[in-house]
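Noted in Swiss-Prot for the protein shown:
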- 11-31: transmembrane segment (TRANSMEM)
- 49-69: transmembrane segment (TRANSMEM)
- 84-104: transmembrane segment (TRANSMEM)
- 110-130: transmembrane segment (TRANSMEM)
- 154-174: transmembrane segment (TRANSMEM)
- 177-197: transmembrane segment (TRANSMEM)
- 224-244: transmembrane segment (TRANSMEM)
- 261-281: transmembrane segment (TRANSMEM)
- 294-311: transmembrane segment (TRANSMEM)
- 353-373: transmembrane segment (TRANSMEM)
- 382-402: transmembrane segment (TRANSMEM)
Amino acid sequence: MNFKFARFKSIFNILFILIIAFPGGLIYLLTGSTLSFWLRESDFDKITIGLFGLVNFIHIFKFLWGPLLEKISFSTLSNRGYKYCLVITLINCIFCVYVLTSFNPNTNFIPFVLCLVVLAFFSSIYDMLIQSSQMLLITDKNWGISEAACTTGFRIGILISGSGALYLSTIISWQDVYRTMAILCIPSLLLIIFYPLKFKDKIIDNDFDRFLNAFYDFIKKPKCIVIISFMLLYRLQDSFLSIMPNMFYLDIGYTKQDLAVGYKAFGMCATIFGGVIGGFLCRKYEYSYLLKRVLIYHALSSLSFIYLYFLNQDITSLYIAVFCQEFTKGLTMSPFFSYQLKCCSSRYCITQIALITSITNVGTILIGSISGYAATYLGWSYFFIVAGLCFIPAYILILYLPKTINSV
């Protein structure tokens, strides 16, 4: 009887993670890819649009407030403290999205950018809380599945704020589109408020020494420098591409309606499918083997951009190219994020997850911010060739990753 109860509890926790990941994905695109379409229609050039990626630079520093979150979340309030953090953070995200709609990027440039930065700040906190919830609620043998669920929820959010927002923008203004996205976050907020959280382990009260202990615990792991370098470079290809595929598809003649269905909606389904397959593969294959294989598959997907550019630009070709790109992207995510969790200790989960994702975001944000320059001066063909070669540094580092990691 206890076994059946534990099994149902695990399933409900995984579903909870899926649903609370939805606003994270939805908000993610509102400061990224979807924003680029709004800026493009406001007559900003590729270089400026690429530089807008720097509003997410604050994600790099989220490891600094990770210990503070642990202090608040894992105090004597325990489960309630963690829930309060989730609720307050999501409310602030919704509020910032709504305030953003009060500004025009052309006439209110500085307030517009500042509001985006504040939104990115609260979004980074929410992402930390989502990721750490997997470690706190899910047993380690189910991390691959929980990450697939988290990726699925995140990607559904991206689907709504990507395909849905793009389609809505053909009917209503971008300001109204963003207001609609803010409203769609409310059901997840209500679930967080009413869902009974219960951690799998007893959480130890925090003190300031844990700030340093969390970093020391991570640094003393075998081959720490290799792990950090790997985290920094694994998603180099996606970082280099950044939001430029949006501009590419528009430049070669596809309409927003084509992209809403063929790129955003279909592409998101392909990414989710890839994420689910990747999650189950995590249970079957050893990490280094799987990470190498999916990295190569994703690198080869860059050929689909070149195919579209030189050979064929019809709707069928768009679907084929998008499937190659997005399925392999999803395939890389589950093993990568599961490996991130494996590198963390449960007693310092928020701080260490924040540290790891901050390292990952350094490459994503800094490299992504120059993608506009690269696309402008290299041209589309050479731009995608360089993107395809970006897998090489991470592939080499995988060969030197430690075989075992202490994540207690």
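Just so you know, glycine gets a Cβ as well, placed from its N, Cα and C.
Within its own chain, the transmembrane segment (11-31) has Cβ neighbours under 8 Å at 55-56, 86, 90, 93-94, 97, 100, 116, 119-120, 123, 126-127, 130, 133-134, 137-138, 142, 145-146, 149-162, 165, 178, 181, 184-185, 187-189, 191-192, 195, counting only residues six or more beyond its boundaries. Among 110-130, 224-244, 261-281, 353-373, 261-281 has the largest number of CB pairs under 8 A with the transmembrane segment (154-174). Against the transmembrane segment (294-311), the recorded stretches 110-130, 224-244, 261-281, 353-373, 382-402 differ in Cβ pairs under 8 Å, and the greatest number is found for 382-402.
Residues 16, 19-20, 22-23, 26-27, 30, 79-80, 82-83, 86-87, 90-91, 93-94, 97-98, 100-101, 137, 160-161, 165, 168-169 of the same chain lie 6 or more positions beyond the ends of the transmembrane segment (177-197) yet place their CB under 8 Å from a CB of it. Counting residues 6+ beyond its ends, the transmembrane segment (382-402) has Cβ neighbours under 8 Å at 221-223, 226-227, 229-230, 233-234, 236-237, 239-241, 244, 287-288, 291-292, 295-296, 298-300, 302-303, 305-306, 309, 374-375 in the same chain. Among residues of the same chain six or more beyond the transmembrane segment (261-281), those with a C-beta under 8 A of the stretch's C-beta atoms are 144-145, 147-149, 151-152, 155-156, 158-159, 162-164, 166-167, 245, 249, 254, 290, 294, 315, 318-319, 322-323, 325-335, 338.
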